[in-house]
Ligand SMILES: Nc1ncnc2c1ncn2[C@@H]1O[C@H](COP(=O)(O)OP(=O)(O)OP(=O)(O)O)[C@@H](O)[C@H]1O
Ligand SMILES: [Mg+2]
């Protein structure tokens, strides 16, 4: 009886079209936000903030970006990490080359640069689909990483393209402690997630899904396929770009282009497969899962299997478990954790009377 | 000019290697409509398994057979665990499943055999062919020629297999029409298992040749990925396409690296094949040998 | 028929030929459609009926011929432009957006009429918010008209076939088209569903004056609801006229009885 829609009659379409139409969801989100902003920084250790929560938020943002492109607009991309790289390096250069550049503006600039590159590599999607497009996005992955490594200008001529992100400062306040960085990342991610949620429930979102589900019918309805696909590439890359900037500025600090490898792109893809393709909350669930899994595996290997397995096995175990889970989810629950969560809520809605 | 020819030939011969991997893709795609991203991982796993058995003291033929057996088992398990539950799912889902499979195969292979780089000895030296060197002054590696020979042999074998065996004919029928294949009386699942086993065999041959050339290491999987642009050029369903595509990618990649690379800082072979395939797609989305297709509504 | 007045020719197809590789789907076909009429296209399987509709709204581009729509002459149509000019349609094999709810599917039908930029939509303020509401009202009218209120929030994939066809019609109607192309709207339906569908089609034609071009195999239905009929066979036009004229055309009769090919 805790989670019920019954009795909440919508008396207007406006009420029915709210961002979270069910009251319990609204309250739930507010509680989660309150915990994330106030309780978490106080309760969690520095290690948790730095090594788990900050990367979790950043990967959620990247997964959100990929989910817009792949989950909503149906264009499979294997190059998310490359767009993150563009965001990171562009923000770095904005900070480096523009005097007094506000950091938030640099992040936005990084996102916009990634969006521009995303549009360029999204152009082939106008003529090709499916696997062909997936392979084309590999071109972005390899080309961008190579370019950032080879062209010294991007990294201010450091060796092998390594950059060290500048300090983050807003209105004279410097974000150096893990708590401060966490809160900054959280604020950015929350805002962008809300914007994304609004987009996918409006006509752009419907246009993306229409193109995904049946492009011919979408065009016949009057959707401009080219415009819609490129917008998905742009918005998606913007999100990945900002995620990349945060990755450099708030998480790692010192990054090289090689850090944004194909492997990272796959990780982000795995996040949305496990979290839920075509779902905003899925991006967060999937990111949490993928960030926590290796840690959990390490603990298991060290606690229980320490004597049994040779040390080299642990990293390979990670590969096997990752891959196995992907296959498992695709077979058992192609809509991922987000769907499981939804099913759970529906059960709760009926509880304690199952009929 | 001589140098140009040398580079071109070297590129063509390394292109043969790409063709090998692309061939495995095409076989599986034709028979089951699955775009098997794990083909590269299979090449790596096959080579590693072969080396592993050799290190255990098995003689060459025994190690070869044992590695082949492992690939067959892998194919059967894949069919049972991955493909069968996903039958009738959208192709893109199957594609993502094979990315998962890639991780599993890589993890398993390294977990069992260790992750350190190994050499692989086939007993063929990597030296220029002497008589060719003497008569024309062009250096072509014996080993590369050997690889090309093996490729030719393999393609001939596959062609014979498809042409003259009952199973081969069934495989071809499946490629055209699943329903028609069923009427031949061979269950689809059997066909899939066989085709994965054959693809495993192709991966083994590719792994041996590549491993002998560059050593057996994880980077093999990246090289194998270059079969993807090859497929874009040649089309997913055409065996000649895979061969021609491989040759084109191999030669242009080498030529580009030698003649353009120095102006842009080198290392362009990491992306050149992809960008070239992309450019090609924009001009001819249906591939070299594919037919133009208009969605029916 | 009802009291609506059939107007001038608004769509004129001239000498249309369409090939797929070696297959001649349409050969030198000409016919026209008048404002407010119900125009049927009939013919045996593979005659080229669907191809004809696809040419009309630009999904297929004919190799030869001209299309005059509202006095504007062109070689071929483009789908999204056709939509902007008031042509909506349904498909022979249901082409709904499977991952979306009924409501969202129908909302997409209004996409050409929504103008808020994606940034406005992202902040969901001002024009974007207003538009969502306005168009929701319009969509609810269509939902009422087609009597599908109870399935509003259902994912379309879960609906039975007959209802899916109805939702597809709803999506087309949501665009408030001046011309509606229907590709076998009653195929696979039971008698009752067919009667409902007939009623909806006639109501649309009657109430909104929408011009209707429809493909249908059920002769009874065709003869009942259409003003004029084009008959295709093997990509050629073999008859054109009122239902009565067509019914008595010897070539049409032989095509349908399968004589003399
Ligand atoms: N996209 C396409 N690609 C290739 N051939 C096509 C395509 N669309 C239609 N055809 C061919 O054009 C011819 C006419 O097909 P069309 O679908 O227009 O027939 P139809 O009259 O609608 O038949 P039915 O009653 O079965 O729906 C057929 O031979 C068909 O195979
Ligand atoms: Mg038809």
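Positions of Cβ are set from backbone N, Cα and C atoms, glycine also.
Feature annotation from TrEMBL assigns transmembrane segment to A:27-45 (among others). Beyond the transmembrane segment (A:27-45), the same-chain residues lying 6 or more positions past its ends with a Cβ under 8 Å from any Cβ of the stretch are 20, 53, 179, 182-183, 186, 190.
Marked as transmembrane segment by TrEMBL: A:51-69 (among others).
The transmembrane segment feature in TrEMBL is assigned to A:76-95 (among others). Same-chain residues lying 6+ beyond the ends of the transmembrane segment (A:76-95) with a Cβ under 8 Å from its Cβ atoms: 62, 65-66, 69-70, 101, 103, 105-107, 109-114, 117-118, 121, 130-131, 133-134, 137-141, 143-145, 148, 154-156, 163, 165-166, 236-237, 240-245, 247-249, 255, 257, 259-266, 268-269.
Annotation source TrEMBL lists transmembrane segment at A:101-123 (among others). Taking Cβ pairs closer than 8 Å, the transmembrane segment (A:101-123) reaches residues 75, 79, 83-84, 86-91, 94-95, 136-137, 139-140, 144, 166, 168-170, 188, 229-230, 232-242, 244-246, 249 in its own chain, all 6 or more past its ends.
As annotated by TrEMBL, transmembrane segment applies to A:130-149 (among others). Long-range neighbours of the transmembrane segment (A:130-149) within the same chain, counting only residues 6 or more positions beyond its ends whose Cβ lies under 8 Å from a Cβ of the stretch, are 75-79, 81-83, 85-86, 89, 117, 121, 124, 155, 160-161, 256-258, 260-262, 265.
Look at TrEMBL and you will find A:182-200 (among others) tagged as transmembrane segment.
With a threshold of 8 Å between CB atoms, the same-chain residues lying at least 6 positions outside the transmembrane segment (A:230-253) that come near it are 54-55, 57-59, 61-62, 64-66, 68-69, 72-73, 75, 77, 80, 83-88, 90-92, 103, 106-108, 110-119, 121-123, 125-126, 163-166, 168, 175, 181, 184-185, 188, 192, 196, 199, 204, 208, 211, 259-260, 268. Annotation comment: TrEMBL describes A:230-253 (among others) as transmembrane segment.
Residues 52, 55-57, 59-64, 66-67, 70-72, 78, 80-81, 193, 196-197, 200, 209, 212, 240, 309, 313-314, 317-318, 321-322, 325-326, 329-330, 334-339, 341 of the same chain lie 6 or more positions beyond the ends of the transmembrane segment (A:268-301) yet place their CB under 8 Å from a CB of it. According to TrEMBL, the feature transmembrane segment maps to A:268-301 (among others).
If you look up TrEMBL, you'll see A:313-332 (among others) marked as transmembrane segment. Outside the transmembrane segment (A:313-332) by six or more residues, the chain places 270, 273-274, 290, 293-294, 297-298, 301 with a CB less than 8 A from a CB of the stretch.
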